[in-house]
Amino acid sequence: MYIQLSWRNIWRNKKRTLIAVASVFFAVITAVNTRSMQLGSYDYMIHSTARFYSGYLQIQNPQYWEKRSLENSMVQDSLNFDRLSALSHVMGVTPRLEAFTLLSFGNTTRVGQVIGIDPSREDQTTGLRSRLVEGSFLNEDEYAAIISQGLARMLGLAIGDSLVLYGQAYHGQIAAALLPIKGIVQYPIRELNNTMVYLPLKTAQDIFLMPGRITSVVVLLDGNRHLNQARSQLLKIIPQHYRVIDWQTMLPELYQSIQLDNVSGMLMLAILYVVIAFGLFGTILMMINERRKEFGILIAVGMKKSRILLVTMSEIIFISLAGALSGILGALPLVLYFTRHPIRITGEAARSFELFGIEPIFSFSSDPTIFFNQALVVFLIALATFIYPVFFLKKLEPHEAMHA
């Protein structure tokens, strides 16, 4: 009976009801789009950085990350790369052998990072071939190298020149090689563009006297939301004496900047919620005050205030649900459109993105939890406005209300 009565009441004054529903509707749309853009931008930034070099996850010897020593390497055959690649949400898996050495050409010497790679797996995981600006890409077993553009410029190297590599190999032995340069790759990040040298994995293992050994396995996922699931799957199939580290550990600066920006974003969202709350409260205030005389008459003829409150609460729930559900339906096409057609950034802001090798766009997230969470928050805010009718009816005197 109360539900039927409240349903009839909300349509008795259609204009008032539509205003209330519209308040919740636009509040949900605003909150969903704001949060979708924020989380979508984070996901895009993380994915771009992970695909750039580090991956979302890496399998390593537990002591390797802290010391970066070749002594803390792994046996390559202890890992089944095809099985790792077949795990759900895994887009690419590539083994690496990484070391820092002296690199020389002519009278110029620099310190650089030498990385032994499986060319096909590395390209599938990080898109290394697409960064080639001169020369050709590596083959699996050849004795050659590709070098980053900045390092080639500092050493004065060109395609066909030979690079001298000198450093420490496995178990303190000497690593030395004379490598012909086959290609040059370009990185937008200066630190990488000035230090990187890539070799076929087998060649690197021979130079560093590490047959059948690697220092890490990079794992690329299809999104950050599947990070914990993928890590759990990896831990089940890799040897127990290896560990899996995530991008937050490998890229603490990026993680901290996202956390800081997320806090500021949440503060902005909190301000938006306050504005929404005042807007909804104003609408409910108008609804209740317009019905002052009606409530007074109902109380005068013997209707209990608790029953009036129950009917009023049912009305607010109907209005809030209608606004929240319509808000989700209204936000959905906008979010889906901007997910497929991100907002492009221009000017100085675009250049700051490009410095990190990230395409200057604002990407949106279509994660269903965004729609549910924001609609739920706005719905709860709308329900919280029920506090006012409680105090209003508690203090309402029938004779004063009927003569108002």
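Using N, Cα and C of the backbone, Cβ positions are placed for all residues, glycine too.
Nobody curates TrEMBL annotations by hand; they come from automatic prediction.
If you look up TrEMBL, you'll see 20-235 marked as domain 'MacB-like periplasmic core'.
Among the features that TrEMBL reports, transmembrane segment is placed at 266-288 (among others).
Among the features that TrEMBL reports, domain 'ABC3 transporter permease C-terminal' is placed at 267-398.
Here the transmembrane segment (308-332) has long-range neighbours at 2-3, 5-7, 9-10, 17, 20-29, 32-33, 36, 284, 288, 295, 298-299, 371, 375-376, 378-379, 382-383, 385-386, 389-390, 393, meaning same-chain residues at least 6 beyond its ends whose C-beta is under 8 angstroms from one of its own. Among the features that TrEMBL reports, transmembrane segment is placed at 308-332 (among others).
Residues annotated as transmembrane segment in TrEMBL: 370-393 (among others).
Under DSSP, the residues of the domain 'ABC3 transporter permease C-terminal' (267-398) split into helix, strand and coil as follows: 105 helix, 4 strand, 23 coil. Predicted-model confidence for the domain 'MacB-like periplasmic core' (20-235) is 92, expressed as mean pLDDT.
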